[in-house]
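Asker: From TrEMBL, here are the annotated features:
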DOMAIN    82-299  domain 'Glucose-methanol-choline oxidoreductase N-terminal'
DOMAIN    383-519  domain 'Glucose-methanol-choline oxidoreductase C-terminal'
BINDING   G500, P511, Q512  FAD binding site
Amino acid sequence: MTSPIHDTSLEGLARGWRVTDASTLKANQNLECDVVIVGSGAGGGMAAESLARRGLSVVLIEEGGLLGASRFKMVEALAYPELYQESAGRQTADKAITILQGRTVGGSTTVNWTSSFRTPATTLAWWRDAHGLAGLTDAEMAPWFAQVEARLAIDTWAMPPNPNNSVLEKGCAALGLSSARMRRNVKGCWNLGYCGMGCPTNAKQSMLVTTIPAALDAGAHLLTRARAERLLLQGRRVAGVILAALGADGIRPSGQTLTVRAREVVLAAGAIGTPAILLRSGAADASAQTGKRTFLHPVVLSGAVMNEEIRPWQGAPQTVYSDEFLHRWPLAERVGYKLEVPPIHPVLLGTTLTGFGSAHRGQMRQMPNLNVMLALTRDGFHPESTGGQVKLRGDGSPLLDYPLTAPLWDAFRHAWLTMAELQFAAGAQSVLTVHEDAAPARTLAEAHAQLQALPDEVLRARVVSAHVMGGAAMGKDEQSGVVDAHGRHWQYDNLTVVDGSVFPTSIGANPQVSVYAFAARSTDALGKRLA
Ligand SMILES: Cc1cc2nc3c(=O)[nH]c(=O)nc-3n(C[C@H](O)[C@H](O)[C@H](O)COP(=O)(O)OP(=O)(O)OC[C@H]3O[C@@H](n4cnc5c(N)ncnc54)[C@H](O)[C@@H]3O)c2cc1C
């Protein structure tokens with residue numbers, strides 16, 4: 001029997017998409033086009049559709065592979081090595097923060113959890129006031145948000161939240177704190193809960209099933225398993241990009257090289273990948289900011305054992321949030337945080353939980369009754385919260401150095417206590433702050449006492465993040481930023497950046513809609529210029 005679910009990638013290939021898997025190449029290749037786009041995630045996908053639909057010849061480069069619904073099996077052991085940077089084990093230089101980023105056609109949008117928020121007005125205001133980006137008003141951005149929301153079917157999730165998310169909603173109601181239901185980029189979602197392993201039903205409106213098919217149908221050429229190594233710099237112009245074809249393992253170079261020459265080069269390799277390409281190329285930068293002020297939303301977690309079954313692996317992953325502590329303090333005074341509830345699957349849980357041996361096993365056994373809450377801290381606004389720096393290892397691969405500063409520890413401590421209060425208010429039997437020195441607390445008073453004693457030490461607190469921003473930030477002039485407010489590089493006339501790296505601070509909300517909207521705006525301007 002044939003599957004009722006279409007594999008949009010296999011169908012596109014059958015109707016003649018131009019896709020080259022660089023791992024199959026036996027000789028070096030030279031290509032020419034109007035626009036070469038490096039990276040096929042949120043920014044690259046948006047750029048590819050916009051530019052290909054204008055009739056420009058587009059080559060889209062991706063270091064991961066092209067997969068589709070029939071390859072997404074809802075199995076962590078298959079998904080992480082195939083779909084994530086460093087098999088979902090990417091870490092900061094001191095290993096204090098684990099970073100989730102996609103590495104496949106569609107980039108992080110293929111594996112993300114679908115939460116959809118516009119850039120908060122307070123963040124845009126900060127960029128205008130503190131970073132001189134006067135044009136980025138709410139009125140200027142609103143049509144771009146509306147456009148991408150319509151393109152990606154972004155709407156409030158109408159189904160009831162799963163029991164995992166209900167804990168946050170109940171806790172907020174009991175404590176008199178605000179909470180709200182999320183908007184998601186889905187169409188006909190089956191409410192499975194496996195978004196992080198690639199959507200097996202095509203419901204998630206990721207780049208893999210929306211803009212990239214549209215670009216390929218319009219004649220774009222997709223090169224997969226091809227890693228952009230460096231830009232070909234000639235004075236104020238970029239002549240093209242040099243790529244390493246990857247071998248059969250999709251990781252190590254095969255030895256073949258591709259050279260793509262183009263009128264315009266667009267970088268969308270994500271906020272670690274794009275600064276790394278600029279650094280490997282020795283690109284000029286009067287601001288000396290390339291790779292600097294790279295921001296995560298450092299996330300801390302709190303687990304709760306509930307009386308009722310939660311089955312946190314089932315149902316839409318993030319559907320309830322609370323911004324009660326996001327806007328509570330002036331941005332420059334204290335780091336605020338957004339509260340959400342992540343999906344829980346065994347590998348993700350096993351690698352995030354603290355402890356070893358029988359204690360660890362005991363916690364894993366409680367998984368059916370487990371609620372996990374997260375606090376997503378808003379880095380980049382406090383004067384001491386200056387984020388991290390992308391550096392290059394000896395082999396040229398990127399490494400993010402990300403010190404955890406005092407304002408972040410202050411936010412973590414506040415967030416852990418808030419999450420414990422919320423979980424107990426929602427009826428938790430016990431609460432575990434995800435920190436090596438914490439033990440399950442049976443009462444709020446016990447949790448509070450433990451929190452007073454927890455050391456602010458890296459590698460003891462478990463910190464994670466799936467949101468990477470900055471490192472090639474917009475600035476009002478070439479001294480204050482790497483690119484201008486339309487992503488155009490200040491030093492190169494035909495180089496544009498359209499991914500999360502253009503943001504001068506973290507977003508303060510899940511960033512995909514911000515990346516889509518800024519990419520749509522920048523590539524619209526670029527398309528008009530190239531027409
Ligand atoms: C597990 C997970 C859950 C998330 N959940 C949400 C959510 O619910 N809501 C939300 O708003 N955001 C979420 N995000 C974040 C969101 O998806 C990202 O912020 C967004 O996709 C970033 O867009 P980008 O274009 O900057 O980079 P990406 O989408 O990461 O795309 C970059 C692409 O470039 C490729 N690349 C990198 N270097 C090279 C190179 N040298 N050569 C060729 N290709 C290269 C990468 O393989 C990747 O495919 C989540 C992310 C993850 C990983």
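Positions of Cβ are set from backbone N, Cα and C atoms, glycine also.
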Asker: How do the residues of the domain 'Glucose-methanol-choline oxidoreductase C-terminal' (383-519) split into helix, strand and coil according to DSSP?
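Answerer: Residue counts for the domain 'Glucose-methanol-choline oxidoreductase C-terminal' (383-519) by secondary structure: 41 helix, 32 strand, 64 coil.
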Asker: Highest Cβ count within 10 Å among the binding-site residues G500, P511: which residue is it?
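Answerer: Comparing the binding-site residues G500, P511, the most crowded Cβ belongs to G500.
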Asker: Which residues does Q512 (FAD binding site) neighbour through Cβ under 8 Å, counting only same-chain ones at least six apart?
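Answerer: Spatial neighbours, sequence-distant, of Q512 (FAD binding site): A42, S108, T109, N112, S115, S116, N185.
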Asker: Return the average pLDDT for the domain 'Glucose-methanol-choline oxidoreductase C-terminal' (383-519) as a whole number.
Answerer: 97
Asker: Please list, in sequence order, every residue of the chain apart from G500, P511, Q512 whose Cβ lies within 8 Å of the Cβ centroid of the FAD site.
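Answerer: Leaving out the recorded residues gives A42, S108, H467, M469, I507, N510, V513, S514, V515, Y516.
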Asker: Need one number for the FAD-binding residues G500, P511, Q512: the maximum pairwise CA distance in Å, whole number please.
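Answerer: 8 Å is the greatest Cα spacing among the residues binding FAD.
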